[in-house]
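First the structure, in the form of structure tokens, and then the observations on it.
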Amino acid sequence: MTVDVLKANELKKAAPVFGQLSFDDHEQVVFCNDKDTGLKAIIGIHNTVLGPALGGTRMWNYQSEWDAVNDVLRLSRGMTFKSAVTGLNLGGGKAVIIGDAKTQKTPELMRRFGEFVHSLSGKYITAEDVGMETADMDTVREVTPYVTGISESKGGAGNPSPITAYGVFMGMKAAAKYRYGSDDLQGKRVLVQGIGHVGESLVDHLTKEGAQVIISDINQQKLTEIRDRYNATIYGGADVYAADVDIYAPCALGATINDDTIERFKVDIIAGAANNQLADDRRHGLVLREKNIVYAPDFLINAGGIINVYAELEGYGKKEIMEKTENIYNTTLEILNSAEVNDISTHEAALKVAQQRIADRKNSK
Ligand SMILES: NC(=O)c1ccc[n+]([C@@H]2O[C@H](COP(=O)([O-])OP(=O)(O)OC[C@H]3O[C@@H](n4cnc5c(N)ncnc54)[C@H](O)[C@@H]3O)[C@@H](O)[C@H]2O)c1
């Protein structure tokens, strides 16, 4: 696992097949095409050492197929480490469907996608991601058992977002404990960027804790709704990345910590739900360390959702889900301390724990 994840434009320069598919040791990549329904999907199976590759399906109108390939590979790799660091017996996988979820998603397309998932005999298990609803997973369930995130009425664990938000909250509190010596967030100024499913639930936890919550979103209507519901403040500045706050919680898009933004942050802590927050894992992880910004690794603290779907597979109840999610606090604290001891970025420290768990299992087989 020594190869950096490539950017889409770099991907184009690599060798056309294994030069790409093998990058960062992907086990299998499946291209799914169906003319009748218009389905064009890619399933990335990064690693199955710890268990079946589980990860959601994203439907997105990618600008190019390169972007779709790059996205699925980045995301499936992330799932491997997320499950490994969380202690789940799951591998990492992800799927993308190329197209507009609002206009091109049909039950026929979802069923056809489900048939492709089924053809992998359980090596890949799908779930919801951007552009997908619980109802879509119910449709996939009609043709394959290898799907999670189905309706509670059909035996599923239901909406994962509140659990994800709780895990992020736990990770944020652990980061505060590490940085300030206390995990009490009362009075801390926390900027939540993206107040969607996870962001709103995080705002709820923070408000109850007595934090000063500042919100930012591209959806103006949502901003006023959440402001009124939680007595939050809408961010009024010109540059959200230069906001004068204590904690930045990215809960919208990935890669918001990049060459353009990283020098502008004034925060003590970054802890949020978005996947792949660091545009360049290794480099930006180190820059945050140099700037004395405590970064709670995304794939560690946003694992509540995967814990929720794992519970669905294992038949766990809500109590076990909450306990496992609460444990994100302890793991985060351990990883922040180990990064300090080993003088590495917190991202690297979390990755090491995940990679070690996979290596141990591989060696014990
Ligand atoms: N839902 C989960 O359980 C879960 C689990 C793990 C990771 N995540 C990640 O967390 C993030 C949020 O997930 P979600 O389910 O809440 O998504 P969501 O679509 O419900 O919410 C995203 C919010 O971000 C806003 N947004 C989009 N672009 C923005 C921008 N440039 N600036 C500010 N706001 C912007 C949207 O308007 C929306 O309100 C995503 O990156 C997702 O991949 C979610």
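Each Cβ is built from the backbone N, Cα and C atoms, and glycine gets one as well.
All annotation found in TrEMBL is predicted automatically rather than curated by experts.
Annotated features in TrEMBL:
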ACT_SITE  Lys94  active site, proton donor/acceptor
BINDING   Gly194, Ile195, Gly196, His197, Val198, Gly199  NAD(+) binding site
Under 8 Å by Cβ from Val198 (NAD(+) binding site), counting only residues of that chain that are 6 or more apart: Ser161, Thr164, Ala165, Val168, Cys251, Ala273, Asn302
Listed recorded positions with Cβ under 6 Å from ligand 1, out of Lys94, Gly194, Val198: Gly194, Val198
Same-chain residues at least 6 apart in sequence whose Cβ lies under 8 Å from Ile195 (NAD(+) binding site): Val203, Ile215, Ser216, Asp217, Asn219, Lys222, Leu223, Ile226, Cys251
Intrachain C-beta neighbours of the residue listed as 'active site, proton donor/acceptor', sequence separation six or more, cut-off 8 angstroms: Ile43, Gly44, His46, Gly55, Gly56, Thr57, Arg58, Val72, Leu75, Ser76, Gly78, Met79, Asp129
Assigned element (helix, strand, coil) containing His197 (NAD(+) binding site), judged by DSSP: helix
Among Gly194, Gly199, which are binding-site residues, the residue with the most C-beta atoms within 10 angstroms of its C-beta: Gly199
Tertiary neighbours of His197 (NAD(+) binding site) (same chain, Cβ under 8 Å, six or more apart): Asn159, Ser161
Number of Cβ atoms other than its own within 10 Å, given for Gly196 (NAD(+) binding site): 15
Cβ-centroid neighbours of NAD(+) site Gly194, Ile195, Gly196, His197, Val198, Gly199, 8 Å, sequence order: Ser161, Val192, Glu200, Ser201, Leu202, Asp217, Cys251, Ala252, Ala273
Assigned conformation of the residue listed as 'active site, proton donor/acceptor' - DSSP reduced to three states: strand
